[in-house]
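Among the features that TrEMBL reports, transmembrane segment is placed at B:15-41, B:88-110, B:122-143, B:164-186, B:192-215, B:249-271, B:283-305, B:325-343.
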Amino acid sequence: MIQLVSFYIFASIVIASAAMVIFARNPVHSVLWLIVAFFNAAGLMVLIGAEFIAMLLVIVYVGAVAVLFLFVVMMLDIDFAELRAGFVKNVPLGLLLAVVLAAELVLGIGAYQAGAVALGTPEAGAATVSAAVPNIEAIGGLLYSKYVFMFETAGLILLVAMVGAIVLTHRKSHGTRGQSISSQVQRRPEDATRNVNQPVGQGIEL
Amino acid sequence: MTSFFQSLGMSYEAAWFTATIAGILLIALPLMLAVALIIYAERKLWAAFALRRGPNVVGPFGVLQSFADGLKVFLQETIIPSASNRGLFLIAPIITFTVALMAWAVIPFADGVVLSNINVGLLYILAISSLGVYGVVIAGWASNSKYPFYSAMRAAAQMISYEVSIGFILICIVLWAGTFNVGGIVEGQRSHIFGFINAYAFNPLLFPIAIMFLISSMAETARAPFDLTEAESELVAGYQTEYSSMAFALFWLGEYANVLLMCALNAILFWGGYLPPVDWAPLYAVPGIIWFFAKILLMFFVFAWVKATVPRYRYDQLMRLGWKVFLPISLFWVFLVSGYLMFTGHFA
């Protein structure tokens, strides 16, 4: 009963907020609706017992990716008149895209109704895990035994992407003076100050 | 608690529902009271550090000062700037406040006394604490004013930076405890050192990250010396500048509930949570919740001590500390801890 009620609450909020992502006029509102959608999708994951995936969804998408989205979108200077002007120009392209997506949706549902595609029988012993094992242990056990090479390849690809992003954006800055913490910490009073104990009435030489 | 409601003749689902609601109220209401008292305690502590008296007029020794402040704020007029984004402006403090309460669901107050004993408890805390930034960012943007906006930008960058090193520190702890369950991590510390000290912090390999976690948790809650989001000498009051009345009070309550949560996390992850400091039978006569509260208060004293004595960081120094110092060290520490556990056959 509670599962059913919460499923319908989560599911309807996901759909409604996903629609609002498109319909909201303000890009910042769109990003915020997207966050609501992510969050409720995580709720759906919890309902089917995939609590680890749910937490990852919140940590990665809501906690990091969407913050950066928001960070960028907040700094946009939004001119609503210009947005509407662009609307008329882009209508044909948008319509085309909508027709293609709708056709794919119909095809997908049709194929699903027609029955599963034969992709061959699953190999023996593929991913059978008892329900008593916690999510994390089950996923970890599979990732580090059966799929260890694919997992490490994914890690390598991410590393390459990260290094690539740094190489592309890194610029040597000229003319700026950075702070050297270690030299500041090592600096002693004797290096910077001089006690002259000057008699009254005489100037000092700087 | 579910079985108690079942004994009153409810069905299992109704009993579970009632028990959960009761549990939420049992955590949230005392937490609000604790926040009010902790604000008073902190003001008294700062006063003591500065050789002042602190609040001493309302009630005996000024204990009721926070309640008087709350009443004052409640009776004030709510001012919503006309150029602000009205809906988001009002939602932002609610987000901060709610998120600050949510994470308490998985905190074990004593052996088995926890609202929701889930296997991914630590990840849940990480997930919820990463939501806290939204309250600040939305408040800064919706205010439609320069200083709150600067503050929101700072908050977003700061919280993301320190979450990275907090994540690596948590991985070290999880590796050692072998579980993501918060109660399991506390139990993993039972007689951890020499067979009788109940704390990870006295482990020479984990002590440095205990210190790093303490500093990171100050940065994560935007407390001094990392309170750049509300640096009054630069940004008036940061993201709270345009807020008044109850909306302001919600920010305030949420901030202190977050600080208490971080103190509780420090106590749980490194100082043995609800376990007594030493594994000695007579000490178990004291209820676990007393030990837990004592440890939270000790951590809070450290927080107040730091806030009263340490000057504020500059923003580039804050970023340098997060990315160039804490991130490499904590990453290295994950290798170190997992290597040590590997060689000593901890996982066998």
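Positions of Cβ are set from backbone N, Cα and C atoms, glycine also.
No contact links the transmembrane segment (B:192-215) to the transmembrane segment (B:88-110), because fewer than 3 Cβ pairs that are 6 or more residues apart lie under 8 A.
Under 8 Å from some Cβ of the transmembrane segment (B:15-41) lie the Cβ atoms of residues 1-6, 8, 55, 62-63, 65-67, 69-70, 101, 104-105, 115, 252-253, 256-257, 259-260, 300, 304, all in the same chain and six or more residues away from its ends.
Long-range contacts of the transmembrane segment (B:122-143) within its own chain (CB-CB distance under 8 A, at least 6 residues past either end) are made by residues 81, 84-85, 88-89, 91-97, 99-100, 102-103, 105-106, 149-153, 155-156, 159-160, 163, 166-167, 170, 173-174, 180-182, 185, 220, 222, 229, 238-243, 251, 254, 258, 261, 265.
Here the transmembrane segment (B:164-186) has long-range neighbours at 106-108, 111-112, 114, 117-123, 125-126, 200, 203, 206, 209, 212-213, 216-217, 220, 268-270, 272-275, 322, 326-327, 329-331, 333-334, 337-338, 341, 346-347, meaning same-chain residues at least 6 beyond its ends whose C-beta is under 8 angstroms from one of its own. Long-range contacts of the transmembrane segment (B:88-110) within its own chain (CB-CB distance under 8 A, at least 6 residues past either end) are made by residues 24, 27-28, 31, 80-81, 116-118, 121, 124-125, 128-129, 131-132, 134-136, 138-139, 141-143, 182-183, 186, 242-243, 247-248, 250-251, 253-255, 257-258, 261, 264, 268, 273-274, 287-289, 292.
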